[in-house]
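Reviewing the structure listed below.
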Amino acid sequence: PYEKIGAELVKEVAKKTDDVAGDGTTTATVLAQALVREGLRNVAAGANPLGLKRGIEKAVEAVTQSLLKSAKEVETKEQISATAAISAGDTQIGELIAEAMDKVGNEGVITVEESNTFGL
């Protein structure tokens with residue numbers, strides 16, 4: 001039963017991360033696993049579960065504020081291309097994404113589908 005609860009938790013973390021960010025599910029899954037493992041270890045050693053929860057919430061807030069403070073707006077087509085190329089691991093794909101985003105605008109939607117056609 002505990003394994004099923006853990007699996008459901010990880011599934012929910014991955015889904016929520018994908019819904020909100022569209023990326024980072026592996027990182028979120030690893031972080032969730034570490035939080036659960038270390039949380040259980042600390043509770044077993046006598047830590048107060050509510051105090052642990054409050055500490056985690058404070059840490060999340062601090063990390064969030066730090067990330068927001070260091071975040072940079074991606075505004076130009078070149079910046080979008082460079083960022084997309086890093087995410088995709090391919091400069092040509094980065095350029096395609098930047099071109100698509102340039103065409104649809106900031107509020108537009110880009111749908112990517114797998115193709116069975118070679119080279120397209």
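First residue shown is number 1, and so on along the chain.
From the backbone N, Cα and C atoms, a Cβ is placed for every residue, glycine too.
The ATP binding site annotation in Swiss-Prot covers Asp23, Gly24, Thr25, Thr26, Thr27.
Listed in sequence order, Thr17 are the same-chain residues six or more apart from Gly24 (ATP binding site) with CB atoms under 8 A from its CB. In this structure, Thr25 (ATP binding site) is part of a helix by DSSP. With every protein chain in view, the residue among the binding-site residues Thr25, Thr27 whose Cβ has the most Cβ partners within 10 Å turns out to be Thr25.
The Cβ neighbour count for Asp23 (ATP binding site), using a 10 Å radius and every protein chain shown, is 11.
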